[in-house]
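Here is what Swiss-Prot says about this protein:
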BINDING   S9, S15, V16, S17, M95, Y96, N97, F98, S139, R140, G141, G142  FMN binding site
Amino acid sequence: MKLLHIDSSVLAEHSVSRQLTARIVTEWQATHPGTAVEYLDLAQDTPATLSGAELAARMTPADSRSAEQTAAAARTEAFLQQFLAANVIVVGAPMYNFSIPSQLKNWIDCIAQAGRTFKYTETGPVGLAGNKTVIVASSRGGVYSTSEALRALDHQESYLRTVLGFMGIDNVRIVRAEGVNQGADRRSQALAAAEADIATLV
């Protein structure tokens, strides 16, 4: 079994999501001995932002690419193959301005490719990357899960569920720590709740 451990927070050792992903991976290895873990830090190894040039590199036949296009396409392909090879993916996804970090969005733009991880058919899109388990370590400075009005502001967990589902992944588990910027007591409570969830979700 292969597990891909992804962090995307820019806060380094101050990051709650990094703390949670580390705990999740440790628990997974304890309950699934022999799991091979590969680590990807998107804050350090950031995929290129999707652009016209980036898309052209992917779409141009390999034997017609420039040197720059060949390098760009190879980098994108490496991220995609790493994703496809994983049976389990643990993703650290803090909420930034109601959504996800740009580094994580760039990674998603690498792996969400028509004909590779999903396809369009006459009856609608079909995911091609199923049979994976994704565990999302969600951290939030505020609280956004306690009412419909607050949940409407969530373009973090909801987006991840949507895009992963579009690629055929419906086994998405969320470990959430929210309100972590609302004082030391609230932060401690949020982390304790998340730790308890890890024990039941892994």
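Note that the numbers count up from 1, one per residue, in the order the chain is shown.
Using the three backbone atoms N, Cα and C, a Cβ is placed for every residue, glycine included.
Max Cα-Cα distance over the annotated FMN binders (S9, S15, V16, S17, M95, Y96, N97, F98, S139, R140, G141, G142) is 17 Å. Taken residue by residue with DSSP, M95 (FMN binding site) is part of neither helix nor strand, so it is coil. Take the CB of G141 (FMN binding site) and look out to 10 A: across all protein chains shown you find 15 other CB atoms. Of all Cβ atoms in the shown protein chains, 24 besides its own fall within 10 Å of the Cβ of V16 (FMN binding site). Taking the Cβ of M95 (FMN binding site) as reference, residues of its chain lying under 8 Å away and at least six apart in sequence are, in sequence order, S138, S139, R140, G141, Y144, D154, Q156. Minimal Cβ crowding within 10 Å, among the binding-site residues S9, N97, is found at N97.
DSSP classifies G141 (FMN binding site) as coil under the three-state reduction. Of all Cβ atoms in the protein chains displayed, 28 besides its own lie within 10 Å of the Cβ of S139 (FMN binding site).
S9 (FMN binding site) carries neither a helix nor a strand DSSP state and counts as coil.
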